[in-house]
């Protein structure tokens, strides 16, 4: 196929340029960076016609008198040809289109764009459009299946996808290309091409080779290559007959392969070595037009596609003699096969045999005198031996057209079949990366974005530098650093900037630290790593620097450059981060299979006592995902994000397990959208990230805006009220675990914030308790009570009593006593304080509760009521007292008052308070056993004076018939106020006294009617007046009132708000 290379000529201004022929081959049509479309009658045309379509023209396609162009105004336009009259706009994109192509009939146009979309538009009616979504980066090229069923596209996300046009779905996707973030930065344009006519093969340029994929099965059936190709192939194009394939490379090489033999039949080099960015065959197959990135146009002329036809013509008559020739060697069928096995029609050495009769014998006869292979002598697809034919039919099927046997793999030798492994395949291990950075191949990238600041890297023709910017300028001013060493990794803290570069042939890998918080003048130090050792990951902590290297070694330095610990890692590092005294390392612990990554985690804590908190535990990821971000929350809890957008956080209270707390994919509007995480906060609960429209990484300029996403645990049925409260509760528990960790590590904590979080959790528990009561889930109520504090359990008891769930209240009272005993055992020597709930409000509306000593008096009274029997009310069992079955504690409570120690149970409140003199006096008076039926001789005189003889205490059920049913609030109020009413109206009879009392009782407020109300500490006594209690246990009413520091009226003093 000898041809002539025409001298190149200037076509367009410097930049991407494309070329095509019209249907007749009369015109060469080009477009370029100057926004013009030029129509050349020949390469020597000095005055071509031109059409201006925009500021820039990125691509063009021509079919049946319609010229379609993709221009910089984000449109795909159509013009008449050759007149060049505008014929409307086919479609629009949000950014510029990168490639356009016609189908074989000219009725449809496909266009790919930088907004990741591919559109298929009807030329006759542009409103008929199909949009193919799924790429995650700008589209590089599109091409139609000649049968108009499929469409193939390549993208900067590294994938080549085949689409079903009618269903608008992906048929298959191959990850073949190097990823990039923009069309202009792509290493290769990857211009795909489908074999014309039969559409049997799809040609995909991959690095320095061309892969051929079979239509239908989508198997990779062949590869075209050339040993002289050293640069990636940019564009491929089929000859009109479908038997030859031309390719242009980034290095300026032009190659033409005979697809049947996989031989490179033409090889040319661009005269100046510029990148070839477009190819087009003349309809006759005799010419190839090409353009380069400098805007020049070239032509290969005199190509001949008759070689295959000639060979076939010569070989066809030999079919019959071949059969006779085979018959001569029937006896040798069982002999040893030749050195080179069965016929190899793909051998570039044996292909010319049929055309060179003189050298047949010399070339094919080995020294042994045996004929090598009859199939090699008759190099014809129609004369293959049985084994070769059978193999070809199994793999490719029957195809009688001319190009059906264009690619025939070499037949396998007849050897015993070996077992084929059909199990899971190993996954490619994830490469090491820096959390908070964008890929290193980008010219403008984020080297680090964290809670301290931003490190940007620039590596282009104009500058190679690093900019450091701090969120808080009080930490340090912005810095501009020259990146002469080629640093690719960075980390930033409030003390220093850490940089590292890989090794080269001349220089070792270096670690550079700018310690800007140092008080001396030398704020920079640098370390060379040993030869053959490269930095893979690095991080900064509080006073230390860590770097993981390619030799599975972790080196620890002080912030001033002093070498400290060094130890080996269990596997290749993936990434690591530091926070304060904590170092978190993620590494490969084994080989993953079927797309999974087998990662391990180590968590170390430095300080006075160095320890390893997590050692080699498996690191959980979503199915078939990889790690995309790793870090600590602002409060010091490890967390990470995988490629599926799932955010997980370390749950220290559950054995250092990892809990999913958010899924960023749920808030993405499109499949191609992602969130790039830059920080996590536990208080307030915030996930700080950058929305990336159609990409995984944000651009450096303009500075992207940070969005805040909420957290949400993936619990079941979160749309229901119960599910919502459960999610809020356990999220609150998880996000406040850091208080206990910081406290145990010796850090000061925000006690007010911790108290606020506990209050929030207890309120949620109480709401869930009320909901469970409403749903009649009493067992669930008890489960919730187990999670409550002692004080909140008393509120639950009150709620259960008011709801007339006395069995539930009885069980809750047992839980309350257990919790009180636990508090007593844990803090036996703690001074008693006022309960937490009495200190949370202030002002005139403040409500208080009984102190621990006063609760003790009530417990003694309740123990006396143990002989009472429950009575039925409204058909439901009802107990006289909800604490009848409570067991007393065997422990004694030491007393610090002047009186004798009391060994009866003391129920301490949740937050004890220091005793007052009043409480001590009260305790002295009630120190004896409450089960005594007589007033003790050592009781204070004041108690004796306050005792009212006209209302004797009900010592037993036999003494008082009223004990069978508790007195109502009105009865108790009448007993207390009878004397007052009789004094006001001495002439009233008993019936009139009751009527007068009822009238007065109705005028009372609801608070005064209820009487004593509730005892908040351990019990609830409903409709029982405080004065009656004082008479019962022989304690003056004034002492109960004086026990409270506010000295408010007793009725209101011991009321507790719900």
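Placement of Cβ uses the backbone N, Cα and C atoms for every residue, glycine included.
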Annotated DNA-binding region segment (source TrEMBL; candidates 963-1009, 1010-1056): 963-1009
Listed range which TrEMBL flags as region 'Disordered', given the options 819-848, 849-878: 819-848
Tally of DSSP helical, extended and coil residues in the repeat 'WD' (233-267): 0 helix, 23 strand, 12 coil
Per-state residue totals over the domain 'HMG box' (963-1009) - DSSP helix, strand, coil: 36 helix, 0 strand, 11 coil
Helix, strand and coil totals (DSSP H, G, I; E, B; other) for the repeat 'WD' (9-41): 0 helix, 15 strand, 18 coil
For the repeat 'WD' (132-173), the number of residues DSSP places in helix, strand and coil: 0 helix, 24 strand, 18 coil
Local confidence of the prediction over the repeat 'WD' (9-41), expressed as mean pLDDT: 88
